[in-house]
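Colleague: Annotations per TrEMBL:
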{"type": "TRANSMEM", "residues": "20-41", "note": "transmembrane segment"}
{"type": "DOMAIN", "residues": "34-283", "note": "domain 'G-protein coupled receptors family 1 profile'"}
{"type": "TRANSMEM", "residues": "53-71", "note": "transmembrane segment"}
{"type": "TRANSMEM", "residues": "91-113", "note": "transmembrane segment"}
{"type": "TRANSMEM", "residues": "134-155", "note": "transmembrane segment"}
{"type": "TRANSMEM", "residues": "189-215", "note": "transmembrane segment"}
{"type": "TRANSMEM", "residues": "236-253", "note": "transmembrane segment"}
{"type": "TRANSMEM", "residues": "265-285", "note": "transmembrane segment"}
């Protein structure tokens, strides 16, 4: 655990590194601001305390976990002379990245289930999506991936290390496994099982849910069809965005593709960089309830601030008159 690993994809400090650092800093700060704002809006507005927005709240938390696990260390390495990481920190980073990916897919699957029940079984919605069931679903979404991924990371950490250089911007499970001097057949098999359970099955479920939603919408009235489209569009955009980012990340990690340094940098971090940033922006723009709630909160804050300033001015005027 005291071994130091070296990243070889950064290169010496220069214009490219400083440029990527500034972009990463702006994106990270924007990601934190957007996700925290979305979480505050959902918390402060009781009208948003519904299953869909509770799942969205958890998606924002998950995005913060993913971006915070990687981007601060990347920014440090971009401007530091030594591009290194302790082996224990690398294992922790692998775990957090995997939790981010699997939990995001699981939460998006729950959101698809919520849309399916809302559109296909509207009369039974409140009986199916009860607070107790939502808590149970969220417990499963977090507990099952975390426990399963803890086993994978444990298997990876037990491998003997005979190489100390990682040709990536951050640690991932495959990069750490490739540092070993032995073949990890059981770990590979376990990893395939995790992909089937946490990626393939949710993908099939979401596709079947939207096929069913499509058939129900085609048989509904025009107004009901438009409402279903408005409700499902943000989730569809989010799910497709995350799925494509995950696919590109898998292709990049699994196949040795010859890429320029600039493309190499983007392909390394886009899985962490783009989805946590776009998810709150997509829902903030495409969901009327959230945009209206944010507008109401800002108006209340502005009115309260104006009232406080007027009150303070009156008090100061009264104090000035009394002193005269």
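Just so you know, glycine gets a Cβ as well, placed from its N, Cα and C.
Just so you know, TrEMBL annotations never went through curation; they're auto-generated.
Give me the structural setting of these features: burial, nearby parts and distances.
Modeller: Distant neighbours of the transmembrane segment (91-113): 52, 55-56, 58-59, 62-63, 65-66, 69-70, 73, 85, 137-138, 141-142, 144-146, 148-150, 152-153, 156-157, 170-173, 176, 194, 198-199, 202-203, 205-206, 209-210, 235, 238-239, 242, 246, 271-272, 275; these residues of the same chain sit at least 6 beyond its ends, with a Cβ under 8 Å from one of its Cβ atoms.
Distant neighbours of the transmembrane segment (134-155): 51, 54-55, 58, 91, 94-95, 98-99, 102-103, 106-107, 110, 173, 184, 186-187, 190-191, 194, 197-198; these residues of the same chain sit at least 6 beyond its ends, with a Cβ under 8 Å from one of its Cβ atoms.
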Colleague: Give, as a single whole number between 0 and 100, the mean pLDDT over the domain 'G-protein coupled receptors family 1 profile' (34-283).
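Modeller: It averages 84.
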Colleague: Would you mind listing the long-range same-chain contacts of the transmembrane segment (53-71), meaning Cβ under 8 Å and 6+ residues beyond its ends?
Modeller: 24, 27-28, 31-32, 35-36, 38-39, 42-43, 93, 96-97, 99-101, 103-104, 107-108, 110-111, 114, 134, 138, 141, 170, 238, 269, 272-273, 275-277, 279-280, 283, 289-290
Colleague: In the same chain, which residue numbers or ranges, 6 or more beyond the ends of the transmembrane segment (189-215), come under 8 angstroms Cβ to Cβ?
Modeller: 102, 105-106, 108-109, 112-113, 115-116, 119-120, 145, 148-149, 151-152, 155, 173, 228, 232, 236, 239, 243, 246
